[in-house]
């Protein structure tokens, strides 16, 4: 009798253990619906704000250009007005950043990476208005900046805002919604949903906590952001370069050569960005007056440059289709490339609220097209199309500089709708990334974040040192 009872109890214990194992297995893939709902809200808000930011920047640019058109026949008014308008707009952006939210300067992507590791604050009530209005000023002034950095930072801050509004306390929700907003922001800037997802997984891989909950939330946010973008802007690719021809197998070695070139250019470009940042820091020394006046001078010069050589100013989206179509000579392409390198360094490294993705894409297009046109002359038997090298170059500089080849490949293919060029894109971006790494180049955003954290630690140490002894105990 005791034996039967013991056997029955043992069987019951085994059944309970199996049920518990099955229950845990089923719950392992159970995503809290609240987080998915919040991710959808974050994606929708980011899409709406991203579209509003794009329209606002275009409105400021059109107003500025319209004012210049009114005095186009009077040179003595045109040139001073071009400088003054752009200078004033730029000064608005610099002043707001320096006065109210220093973390809103630059692209903002390193700030999101730092926030994902709980190393940087997320003051959304300050960053959102400063980044939006400040970006309207600097981008509207015609400075060589992109809107993708602002939308990524805006998206991440919207994620934290939603978290605070709905009073969600868990660390998982805080991290997930921040990453969701950042991914939705990139998607809203470029109409590139897959690139937005890959950007979080690849570029922010050291900070992103990859699990089923977070990745589902990122997918949900990106979907909603993309839907909102396409409702307002349609489904056409953001950069119209037309359908380019395929790259024959016997020409693929040329794309590897192009990747090697960008593998050398990427680390040099990153080094120049950091050195220019140091130069500006030595100039203004943190004084707001000097910083704003310096920003106004850079903005005014961009306004003048926009009259002399329009292709050398602005984010570069209008330049890319023109350059990729082969409308410039090799010499002119290289001249514009050098001019835009200088203006990109001045605008981005000065701390203006604006991104560097779009300027890098334009630089890659210019150098890639120049290489393609030269290769077409040297190897006429291949019947090369320079535009295919322009597409490959767009992603290659980003791959070598940011060290995110997958994001660069997919982003360019989504933006141009030339998916047939995926093989030459892979070859070029992989070659650029490997050589940049071999040469000792560091990812741009990670390096900027490290410098920001070092500065933050130094400021905190100085504050603690200057504080009265009683306050430190």
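Just so it is clear, glycine is given a Cβ too, placed from its N, Cα and C backbone atoms.
Summarising the annotation, Swiss-Prot assigns topological domain 'Cytoplasmic' to 1-32 (among others) and lists sequence analysis as the type of evidence.
Residues or ranges marked as transmembrane segment in Swiss-Prot (evidence: sequence analysis): 33-69 (among others).
Tertiary proximity for the topological domain 'Periplasmic' (70-76), restricted to same-chain residues at least six positions away from its ends with a CB under 8 Å from its CB atoms, involves no residues. Among the features that Swiss-Prot reports, topological domain 'Periplasmic' is placed at 70-76 (among others), with the record citing sequence analysis.
Residues or ranges marked as transmembrane segment in Swiss-Prot: 77-100 (among others).
Residue 356 (chloride binding site): 30 other CB atoms within 10 A of its CB, across all protein chains. DSSP classifies residue 356 (chloride binding site) as coil under the three-state reduction. According to Swiss-Prot, the chloride binding site annotation covers 107, 356, 357, 445.
Annotation source Swiss-Prot lists intramembrane segment at 109-116 (among others), citing sequence analysis. Tertiary neighbourhood of the intramembrane segment (109-116): same-chain residues 103, 122, 149, 152-153, 156, 160, 175, 178-179, 182, 203-204, 206-208, 355, 445-446, 448-449, 452-453, selected by CB-CB distance under 8 Å and a gap of 6+ residues from either end.
Annotation source Swiss-Prot lists topological domain 'Cytoplasmic' at 117-123 (among others). Same-chain residues lying 6+ beyond the ends of the topological domain 'Cytoplasmic' (117-123) with a Cβ under 8 Å from its Cβ atoms: 101, 103, 111, 156-157, 160, 178, 206-207, 452-453, 456.
As annotated by Swiss-Prot, transmembrane segment applies to 124-141 (among others).
Computed over the motif 'Selectivity filter part_2' (146-150), the whole-number mean pLDDT of the model equals 92. For 146-150, the entry in Swiss-Prot reads motif 'Selectivity filter part_2'.
According to Swiss-Prot, the transmembrane segment annotation covers 148-166 (among others). Using a Cβ-Cβ cut-off under 8 Å and counting only residues 6 or more beyond its ends in the same chain, the transmembrane segment (148-166) has close neighbours at 38, 41-42, 45-46, 49-50, 53, 104, 106-109, 111-112, 115, 122, 124-125, 127-128, 131-132, 135, 173-174, 177-186, 188-190, 221, 225, 353-358.
Residues or ranges marked as topological domain 'Cytoplasmic' by Swiss-Prot: 167-176 (among others).
Positions annotated as intramembrane segment by Swiss-Prot, on the basis of sequence analysis: 177-189 (among others).
Annotation comment: Swiss-Prot describes 193-201 (among others) as intramembrane segment, evidence class sequence analysis.
Under 8 Å from some Cβ of the topological domain 'Cytoplasmic' (202-214) lie the Cβ atoms of residues 28-29, 31-32, 35, 109, 112-114, 116-117, 172, 175-176, 179, 182, 402-404, 406-407, 443, 445-446, all in the same chain and six or more residues away from its ends. Summarising the annotation, Swiss-Prot assigns topological domain 'Cytoplasmic' to 202-214 (among others) and lists sequence analysis as the type of evidence.
In this structure, residue 203 (site 'Mediates proton transfer from the protein to the inner aqueous phase') is part of a helix by DSSP. Counting every protein chain shown, the number of other Cβ atoms lying within 10 Å of the Cβ of residue 203 (site 'Mediates proton transfer from the protein to the inner aqueous phase') is 25. Here Swiss-Prot flags 203 as site 'Mediates proton transfer from the protein to the inner aqueous phase'.
If you look up Swiss-Prot, you'll see 215-232 (among others) marked as transmembrane segment.
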Who are the long-range neighbours of the transmembrane segment (422-438) in its own chain, taking Cβ under 8 Å and residues 6 or more past its ends? 247, 252, 255-256, 258-260, 262-264, 266-267, 388, 391-393, 395-397, 399-401, 403, 405, 408-409, 412-413
If you count other CB atoms within 10 A of each CB, which of 107, 357, 445 wins among these binding-site residues? 357
Given a Cβ distance threshold of under 8 angstroms, which distant residues of the chain, six or more beyond its ends, lie next to the intramembrane segment (417-421)? 237, 241, 243-244, 246-247, 388, 391-392
Name the one residue among 107, 356, 357, 445 whose Cα is closest in three-dimensional space to that of residue 203 (site 'Mediates proton transfer from the protein to the inner aqueous phase'); these are the binding-site residues. 445
Close approaches to the transmembrane segment (355-376) from elsewhere in its chain (Cβ under 8 angstroms; 6 or more beyond its ends): 107-109, 144-150, 152, 189-190, 254, 257-258, 261-262, 265, 269, 273, 315-317, 319-320, 323-324, 326, 328-330, 333-334, 336-337, 340-341, 344, 347-348, 382, 384-398, 401-402, 412, 444
Among the ranges 33-69, 77-100, 215-232, 253-281, 288-309, the one whose Cβ pairs under 8 Å to the transmembrane segment (330-349) are most numerous: 253-281
